[in-house]
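Asker: Heads up, here are the entries from Swiss-Prot:
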type	residues	note
BINDING	11, 13, 46	divalent metal cation binding site
BINDING	11, 12, 13, 38, 39, 60, 61, 62, 133, 134, 135, 136, 140, 143	4-CDP-2-C-methyl-D-erythritol 2-phosphate binding site
SITE	38	site 'Transition state stabilizer'
SITE	134	site 'Transition state stabilizer'
């Protein structure tokens with residue numbers, strides 16, 4: 001039997017001065033603020049983790065990387081994502097593609113979108129689409145208080161053959 005599933009994930013982190021900015025597997029050293037979190041606060045990686053876990057029924061980011069676990073304190077978002085990818089593929093799932101949208105006034109993603117897609121695709125092992133938007137200065141993201149991300153993932157299990165990818 002072939003299983004095809006989708007999952008959705010979201011994440012939000014507060015912005016604060018004196019914290020490094022990491023989003024979509026990239027560092028933004030010129031930013032004067034960064035995302036506060038138990039790990040590096042990478043909202044894109046965290047949303048993708050939740051989308052993959054949701055699609056496969058393996059829980060959520062909080063159940064895998066609880067804030068009480070010191071092993072993940074300060075961990076890079078791509079490290080968390082790599083761990084989730086290993087869990088997902090270890091259960092026989094093939095990740096077909098992922099899409100993630102970063103919502104906030106900063107960091108500006110346009111100039112580094114291709115770089116972010118490449119970094120995330122390398123970790124995920126499947127195509128990743130990255131987009132970004134603002135809320136036209138509305139809400140907490142618009143006021144510069146935080147950044148959010150929304151992700152979707154498509155996974156399959158049970159495809160036979162050398163190449164189990166549906167995406168060409």
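Cβ atoms here come from the backbone N, Cα and C positions, even for glycine.
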Asker: So if I measure Cβ to Cβ from residue 46 (divalent metal cation binding site) and keep only same-chain residues at least 6 apart in sequence, which ones fall under 8 Å?
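Answerer: In sequence order, 9, 11, 13, 37, 39, 61, 77, 80, 149 meet the Cβ cut-off.
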Asker: If one measures from the C-alpha of residue 38 (site 'Transition state stabilizer') to the C-alpha of residue 135 (4-CDP-2-C-methyl-D-erythritol 2-phosphate binding site), what distance in angstrom results, rounded to a whole number?
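Answerer: Per the Cα atoms, residue 38 (site 'Transition state stabilizer') and residue 135 (4-CDP-2-C-methyl-D-erythritol 2-phosphate binding site) stand 26 Å apart.
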Asker: I want to check the contact list for residue 134 (site 'Transition state stabilizer'): same chain, sequence separation of six or more, C-beta distance under 8 angstroms. What comes out?
Answerer: 103, 104, 105, 141, 142
Asker: Should residue 135 (4-CDP-2-C-methyl-D-erythritol 2-phosphate binding site) be counted as helix, strand, or coil on the basis of DSSP?
Answerer: coil
Asker: On the three-state reduction of DSSP, what should I expect for residue 61 (4-CDP-2-C-methyl-D-erythritol 2-phosphate binding site)?
Answerer: helix
Asker: For residue 13 (divalent metal cation binding site), which DSSP three-state class applies?
Answerer: strand
Asker: Look up residue 39 (4-CDP-2-C-methyl-D-erythritol 2-phosphate binding site) in the DSSP assignment and reduce it to helix, strand or coil.
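Answerer: Its secondary structure by DSSP: coil.
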